Each structure stands twice: as C-alpha cells, then as structure tokens.
Amino acid sequence: MNEIDKTPRQIVAELDKYVIGQDSAKRAIAVALRNRYRRIQLPKDMQEDISPKNLLMIGPTGVGKTEIARRLAKIVNAPFVKVEATKFTEVGYVGRDVESMARDLVEVAYRMEQNDAFKQVRAQAAQQANKRLVKLIVPAKKKQENPNQYLFNALRDLQSGSFPNMNGNDMEEVTEDVRNERLSVAEQLKRGLLENNEVTIQVDDPSTQFNNQSGMLGQMGIDLSSLSSMMPTKKVERTMTVAEAREILIKEESEKLVNSADLADAAIKRAENTGIIFIDEIDKIASKSQQNAGQVSREGVQRDILPIVEGSQISTKYGLVKTDHILFIGSGAFHESKPSDLIAELQGRFPIRVELEDLSVDDFVKILTEPNNALVKQYIAMIGTDNIDVTFTIEAIHRIAEVAYQLNHDTENIGARRLHTILEKLLEDLLFEGPDMQMGDIKITEAYVNDKIGSIVEDKDLSQYIL
C-alpha cells in the first residue's frame, strides 16, 4: 500500500476540476491529507503520538461538503464511507450501532485490496479460466468411479474438515479426438473468435448467501457472512456468452491465487492509516435545551461516537481495527443549532472548523459549465443520444444561474441541487418528445429559458412547489 504523496496545491487543483469555489475548505482538507503522508514519513515511535486533525465542515446543503470529501477519497485512492449521524442510536435502543461505521470502512478497504490483488494475478487467472472454458466447450466422458472409493474419499474430506464432493470424481477420459478438438478451441479462444458463443457454467447460488448488511442483525453488527463460508455452497447452472463466463471464471481463479488472510491484514492497515469517515448531518445530534423525555437521547449518540473519534479498537470480521489515525470529517448545516451545542469532548475532537460559503450567480455559472462532466455537458450528451444537437447560449446559462440564485434566496437554500430541478423543468419537453421527433439542432436561448420557467419563477407560491 502506497500513501499518496500529492502536495496540498496538487490536491486543491484536482478538487477544482469537480468542485467550484470553497477554497478555504479545499485548503483545509488538503492540508489534513498531506499531514497523514507526513506522519507516515516519521519514525514509528513518533507516528503513534500524532493524531489526525479532524474537520468540521459547516454550510448549507448543496454547497459541496460531501462532494469535496468524496472526490478527495478518489484522488488519493483511500477507503471512504459516508454515514448519517441521525441513523445511529445510543446503546440500548433499536438502530444502527455507531461502531458499524468502522466496520463499513474496513469492508471498503478489503474490496480495494482485493481489486488490487486481482489485477496482479489477472494474467495467471485468465490462463486457468481459458483452460476451464475449453473443457466446458469440449466436454469429455467422466470415468466411472468405484463406489467404495467414492465413500472413502467422502470420509477423508469430512475428516479433514471440508465438505465431500457430491459430484463425484472429476477425472475425465480424454480421447485423441477430444484432445485435438480442445487444441483447436483453445486457439480460437486465444484469437477471440468465440466471444459471443454461449456456454453453460456452474455458479454459486446467490439466494443461499447471507446478506450481512440487511436486517436487524446487520444493524447490530452481527456478521452472518462468516457463517456462509462454513456452509456447503449450492451451485446453479447459467448460460451466458464466453466473454461473460470468462470474467466469472477469472474471479473464481483469482480468489484461489490470492491469500485472503494477507488481504485482511492489508485492509486493516489501509483503513487505519488512510481511511476517511464522513459523518453527515452531525448538527442533527447536537443537544438542545428542550428535549422530550421519551426521545432517544442525541447526547447519548454523541457519547457513543466520541470513543471512536478519540481512538479505540473495534472488532470486524477481518480483525481488530484501531481508529486512532482514521480521518473523521463532520458535516452539517447548523441552521437550528451551533457547533458549541455539541458536547465539549466531541468539539475538541474536531479542531479544524471550515465554513463553506453560499453559492453566488458566478458560482452557478461555473458549476454549469466548468467541471469535468458539468451539468450542461451531461444534458447535452443525454439528449444527443436521440440525435438531437443541443447548445446553450452564454445568456441562457447566466439566466439559469440567476434563477437558481433567486430561488435559493427567496425559498429554501438547497445550493447547487437547485440547478438539477431547473434544468429538468427547462428541458422537460425535449427529454419527453426527443425520441419521437426529428428536431435536428436546438439552441437554448435566454428567451427559451424565460418562456419555459419565467412565469413559475415570478409566482413565488408556485415556484416553492415546482422549482
């Protein structure tokens, strides 16, 4: 595992490609990330004493709080989970256990390590997968096995702690004709001539697998997936193309080539040293002076979160994970409460406060046009699939930005999400009628914008419901 060594300036430059404005938040989060890299470079005895400087991002919805954290995790290839503080309950109440956020992080880290390991062994796994495909396409007769020998093998498997092979021995009688045909098929597979041919393979039945993330047991942190590995796997036959079957077989062969224990150790280290946990709506659990006696204590949730943020050991199915050096980012609008309403101990664990600014008209214009895959580019591409060439004039984009700013100011401030609502209403007719009409080139002008949504914007009561 290699920690990303981008400088804060490089990190901010990457974030600028996707998030408009909010320079102070980008700088703070870039410095926090760089400090983790700096800690890794220090002697071991000093590393343990340096804890991450957790951030508290304050600002209304839709200004980029979550997007900054999510994009950051992708830039540095770090395990990232987003949780909502309101989904957790204190110990003794029904609901998600706060420790599940750390378990989710380790699960993400394990998948990342697994994907990295699979990439390294893919070439070898592909060779084995192609050999299995050849045998599936050109099957050979099975050897008749002595019943006594089959019983002996079953008892031997049980004694070794594994389940007996109910399908009997896989030994084949390979004749000269079969061998020659397999050589021919192997050559055709190598040249990619059989990719669209159909083949039947056996895969694990998904209905027999435990889903650890659903139901009350998953919320309580009880891991059922470990039980599934102790149960015999039920196989079902599926018919698919050779290309699809190869990917499934490559995955199966990769699992054989990779040591799961090594992956678990690497996942724990990756989560501990580079993991990011984003706690959204943390303002909703801030204690208030008036609270009903029957209401689940918000302060209780804070006190349950506190030891995880401070640093503790949490049991996961991959082993114990220490949260001492995981970066926590709290986020909230703090409309009805203040950061000082959080318990003092939790406030102290989020020493860096960053206030995100409301979006201006210029910000909305940039959001519409500048980022990679900006909103306007997305809609142009989607409508283009119906052979309609849509263009927006500069005046139209400015008008859309002005409408978004005005509506956020006059009604509820939902930030950049307002643009989605406006564009959907603006392009409603094109999106509906486009597949059935040969419209050719369409230019979205300021007059077009005013015609489609101008009357709705002027009627404040109507705009509250539609835009």
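Cβ atoms are placed via backbone N, Cα and C, with glycine included.
Per Swiss-Prot, ATP binding site is recorded for Ile20, Gly62, Val63, Gly64, Lys65, Thr66, Glu67, Asp280, Glu345, Arg417, and the stated evidence type is sequence analysis. Taken residue by residue with DSSP, Glu345 (ATP binding site) is part of a helix.
Cβ neighbour count within 10 Å across all protein chains ranks Val63 highest among the binding-site residues Ile20, Val63.
Glu67 (ATP binding site) has a Cβ environment of 17 other Cβ atoms inside 10 Å. Around the Cβ of Lys65 (ATP binding site), 26 further Cβ atoms fall within 10 Å across all displayed protein chains. Within 10 Å of the C-beta of Glu345 (ATP binding site) we count 13 further C-beta atoms, all protein chains included. Of all residue pairs in Ile20, Gly62, Val63, Gly64, Lys65, Thr66, Glu67, Asp280, Glu345, Arg417, the annotated binders of ATP, the farthest apart have Cα atoms separated by 34 Å.
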